[in-house]
């Protein structure tokens, strides 16, 4: 029986307040309005940015349904939708692409002005929610809201992908993989034969390592305080692994000594202010490029010696790897299907959706790279 045009009752993980576990609830999801799409989520990844909301370091309105990395199937569409149809496999886009704003039209920008990133309103574009639970409206997250069996997104926040693609794998392209991989190949523009360092070897960091290898880097140095991650880092392309706790000097000095003055490209993937500065300082003077990939806490400021930049180093930031969602995500899925890069090594756990809190526990304990939840 078709559910188009009807309110759908389904399971979702609601975060009622920060520093509390997710609560599996029955929620109501209303039909999509004009230029909106309702999606049945098949698989969704657990991202550290979601946990930043739980612990309060990223501020967004609560109660909310989080989640922003997923793959699903279009259930129904609102009036005026032309780019997807019911039955299409899709990836929701937490960085939308309207194709009309100045940012979308610029070849080097991917931060569409219609996105919720940075504004954290917790609604769709009309300022309202499509979710209710126990008679109360529930906030969206980043315009995609994937910790729900069904979600509603704007048409500009979803893109069609290859019908043969395995959603439990390509869902990683919806955030983590693209964020790391693109930071190397698209934003940093890693050069063949260069020396790279990646601070933190989690899922995004490992994706950056994959990108550095794909770009032809000669040396890729993984930096992490968890030695258990080094085997996976080397499997995916790291040539050397360094634990800062093994040294009695700052890690940027260690990297400078290892590389005759500094690396050509560095990637900070944790989101810590001290490691952001350290990643810049480990770069070679005159030409080194450091890319900030990790999401920093709200309302904090960097302090550093401006001579570090005046000496010729460059500092860049990367959201979603610099990719334009509608243009680039289908291409990345096609590249995965063509075996141009792996996703399987990044997935350490596949859990049923009801085990979402167990998945977050593994993330916090550093015992998973990526946990994928399936409905």
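Cβ atoms here come from the backbone N, Cα and C positions, even for glycine.
For 47, 68, 175, the entry in Swiss-Prot reads Zn(2+) 1 binding site. Among the features that Swiss-Prot reports, Zn(2+) 2 binding site is placed at 98, 101, 104, 112, with the record citing similarity to another entry. The annotation NAD(+) binding site is assigned in Swiss-Prot to 200, 201, 202, 203, 204, 205, 224, 229, 293, 294, 295, 370 on the grounds of similarity to another entry. Here Swiss-Prot flags 2 as N-acetylserine. Annotated N6-succinyllysine per Swiss-Prot: 234, 340, in sequence order, evidence recorded as similarity to another entry.
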Task: Using Cα positions only, nearest of the binding-site residues to residue 293 (NAD(+) binding site) (47, 101, 112) - done: 47
Open item on the list: Using only C-alpha positions, which one of 47, 68, 112, 200 is spatially nearest residue 2 (N-acetylserine)? These are the binding-site residues in the record.
Closed with: 68
Open item on the list: Whole-number answer please: how many Å between the C-alpha atoms of residue 104 (Zn(2+) 2 binding site) and residue 175 (Zn(2+) 1 binding site)?
Closed with: 18
Task: Rounded inter-Cα distance in Å - residue 224 (NAD(+) binding site), residue 47 (Zn(2+) 1 binding site) - done: 18
- [ ] Take the Cβ of residue 340 (N6-succinyllysine) and count every other Cβ within 10 Å, whichever protein chain it belongs to.
- [x] 10
Open item on the list: Quick check on the binding-site residues: of 98, 293, whose CB has the lowest count of neighbouring CB atoms inside 10 Å?
Closed with: 98
Task: Pairwise Cα distance for residue 101 (Zn(2+) 2 binding site)/residue 202 (NAD(+) binding site) [Å, integer] - done: 34
- [ ] Starting from the Cβ centroid of 98, 101, 104, 112, which together make up the recorded Zn(2+) 2 site, report each further residue of the same chain whose Cβ lies within 8 Å of that point, ordered by sequence.
- [x] 96, 97, 99, 100, 102, 103, 105, 113, 114, 156
Task: C-beta crowding around residue 234 (N6-succinyllysine), within 10 angstroms - done: 16
TODO: Quick one: of 47, 68, 175, 200, 202, 340, which recorded positions lie within 10 angstroms of residue 98 (Zn(2+) 2 binding site), measuring between C-alpha atoms? Sequence order, please.
DONE: none
Open item on the list: I'd like the number of other C-beta atoms within 10 A of the C-beta of residue 295 (NAD(+) binding site), please.
Closed with: 19
TODO: Provide the three-state secondary structure of residue 234 (N6-succinyllysine) computed with DSSP.
DONE: helix
TODO: For residue 47 (Zn(2+) 1 binding site), write down the residues of its own chain that are at least 6 apart in sequence and whose Cβ falls under 8 Å from its Cβ; none is a fine answer.
DONE: 68, 69, 175, 176
Open item on the list: An 8 Å radius from the center of the 47, 68, 175 Cβ atoms defines the neighbourhood of the Zn(2+) 1 site; name the other residues of that chain inside it, in order.
Closed with: 45, 49, 50, 67, 69, 94, 142, 146, 174, 176
TODO: List which of the recorded positions 200, 202, 204, 234, 295 have their Cα within 10 Å of the Cα of residue 112 (Zn(2+) 2 binding site), in sequence order.
DONE: none
